[in-house]
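Data first, discussion second: the structure below is written as structure tokens.
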Amino acid sequence: MRMVASSELVLSFGQFLKKIGKKDATVQSYCRDLRQFFNFLNENKASLSSVNHQTLLHYRTAMQARNDGGKSNSFRRAVIAIRQFYRMLPQFSGLPLDALDSIPIPNREEIAPRKLKLEDVERLLQGSSNSVSLKEARDRAIVSLFCFEGIKVSELIQLEWKHFLSPQSTASLLIPGERKRVISLNSRTHMNLNAYQKAVQDNQASLPKNYKMFLGFKGRDFPIISSKVSRHGLKFMLYELGESCGVSGLNTEILRHYAIQHHLDSGANPEDIMKHFGLRRIGNISKHRVKKQYESRV
């Protein structure tokens with residue numbers, strides 16, 4: 001039976017992923033990878049039933065020839081998506097196409113992110129100006145949560161003010177989501193969240209209804225305020241802030257690695273860091289500890 005790759009199957013794949021509990025960002029990423037793989041199959045007049053190990057090797061070569069797909073991690077993610085699709089396919093076709101499960105997933109290419117210095121972080125927290133506008137206050141609070149607390153984007157965009165517990169001298173934050181936990185906040189994070197909260201209260205009349213902790217801003221000179229910041233908005237904000245502060249290519253991974261190093265330098269043990277960051281594996285922490293020990297000997 002010849003089965004042709006089609007947009008209908010991509011749609012079914014997305015529905016399947018949602019049904020088994022995959023997050024929206026994962027669904028979008030896997031569907032995009034599958035769509036690109038389908039384009040490759042159709043260009044080479046190959047059917048779904050003909051796919052094997054050799055097909056994936058040819059696909060990797062094709063990805064490497066593209067300007068946007070040469071990284072090994074892109075192929076790794078594509079293999080994961082393709083394998084997941086073939087686990088679903090028998091439900092729609094009756095074809096026993098689970099042989100791709102035997103294809104090993106390529107190892108992740110570990111690329112060391114840029115290492116931030118304390119002076120880099122100070123410039124980021126100062127921001128691109130000395131103003132205390134609502135957006136500037138928001139940006140400083142966001143940077144603090146990333147570089148001192150190491151929270152994830154998916155956690156930050158879910159935060160509401162009810163999650164911020166702020167007595168006079170100390171503060172804690174309830175992190176919602178899959179790895180729900182309560183963390184004690186660094187004093188700088190506490191200070192910047194307090195400043196942002198005051199700015200929000202001072203601008204209450206101009207805010208949309210049912211807003212989250214972190215507002216979105218669309219536009220430059222006279223930005224439109226939305227009820228919550230988006231993933232894309234965070235990515236652009238960090239990039240723009242980094243460029244203005246001399247930290248090119250700034251992203252959440254760089255800030256999260258700084259956060260791990262900050263906690264290690266502060267004397268925290270790996271178990272406490274795992275709880276604070278909501279980590280299941282100690283991998284990143286062990287890398288930082290080895291690096292720290294090596295640098296102390298040089």
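A Cβ is built for glycine as well, from the same backbone N, Cα and C atoms used for every other residue.
Here TrEMBL flags 11-90 as domain 'Core-binding (CB)'. TrEMBL lists 111-298 with the feature domain 'Tyr recombinase'.
When DSSP labels each residue, the domain 'Core-binding (CB)' (11-90) comes out as 63 helix, 0 strand, 17 coil, counted as helix, strand and coil in that order. For the domain 'Core-binding (CB)' (11-90), the mean pLDDT of the prediction comes to 83.
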